Amino acid sequence: MRTTRRPIQVVSTWVRRQPPKVKAFLAVITGMAALVLLRAIVHDHDNLFVAAEAVHSIGISVLIYKLMKEKTCAGLSLKSQELTAMFLAVRLYCSFVMEYDIHTLLDLATLATTLWVIYMIRFNLRSSYMEDKDNFLIYYVVIPCAALALLIHPSTSHLFINRVFWAFCVYLEAVSVLPQLRVMQNTKIVEPFTAHYVFALGVARFLSCAHWVLQVLDSRGHLLVALGHGLWPSMVLISEIVQTFILADFCYYYVKSVFGGQLVMRLPSGVV
């Protein structure tokens with residue numbers, strides 16, 4: 001007797017069998033469809049940025065729950081948390097001196113919880129930290145991001161150092177999740193709370209990217225002019241798109257695992 005396969009399993013099997021070019025095309029089409037849907041149902045697109053920060057905070061809350069309930073930080077990347085704290089601290093500084101608003105308060109809350117997670121991993125739960133798996137060298141991203149910020153930054157009327165800091169936090173945010181992906185790549189098995197956290201990051205990145213893309217579309221390109229001239233406006237959009245696609249593959253396997261009823265994610269070779 002043949003077992004009935006769920007629609008998500010049928011679609012997943014079909015997608016997995018497609019060549020890379022077809023998968024890339026499907027990913028682009030799916031992203032465009034999601035943007036069209038968001039544009040239709042969300043009238044104030046600034047709410048997307050707030051939603052992105054809120055989802056990021058939810059992801060951090062999941063981490064806090066994991067650390068407090070399970071008393072282990074296994075599978076978490078301390079280096080990703082440190083990069084996250086770094087770009088949040090820089091962005092918080094820029095927000096205070098350049099554009100104090102609701103985003104400042106959200107960043108402050110997220111930074112506080114991220115610092116608490118770092119403290120727990122470094123001290124209280126150090127024995128369960130998988131240091132050998134968390135082997136991504138963060139200066140591989142910090143130094144290039146700093147160099148790029150010196151070369152390409154906003155051309156606004158703010159102080160030069162503040163404009164460089166602003167660019168630095170944009171670039172660093174785009175790649176801050178790479179150490180966490182390296183840990184998952186090394187272990188190949190992702191326990192539920194870590195998977196929920198990384199998926200929340202993926203959703204937050206997509207909402208942030210959607211916010212910028214829809215803002216540019218609504219302003220008919222005038223937003224890019226308002227951001228300054230030169231390469232900076234394009235780099236903002238590229239950074240948002242890069243950080244979305246970095247997590248796209250993981251999010252696909254997360255959704256597949258959830259619909260498949262799997263509590264623990266097992267990542268195939270080549271993912272993340």
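Using the three backbone atoms N, Cα and C, a Cβ is placed for every residue, glycine included.
What TrEMBL annotates here:
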type	residues	note
TRANSMEM	24-42	transmembrane segment
TRANSMEM	104-125	transmembrane segment
TRANSMEM	137-154	transmembrane segment
TRANSMEM	160-181	transmembrane segment
TRANSMEM	193-214	transmembrane segment
TRANSMEM	234-255	transmembrane segment
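Residues 79, 82-83, 86, 163-168, 171-172, 175-176, 178-179, 227-228, 230-232, 235 of the same chain sit 6 or more residues outside the transmembrane segment (137-154) yet have a Cβ under 8 Å from a Cβ within it. Segment contact holds for the transmembrane segment (234-255) and the transmembrane segment (160-181), given three or more CB pairs below 8 angstroms at sequence separation of 6 or more.
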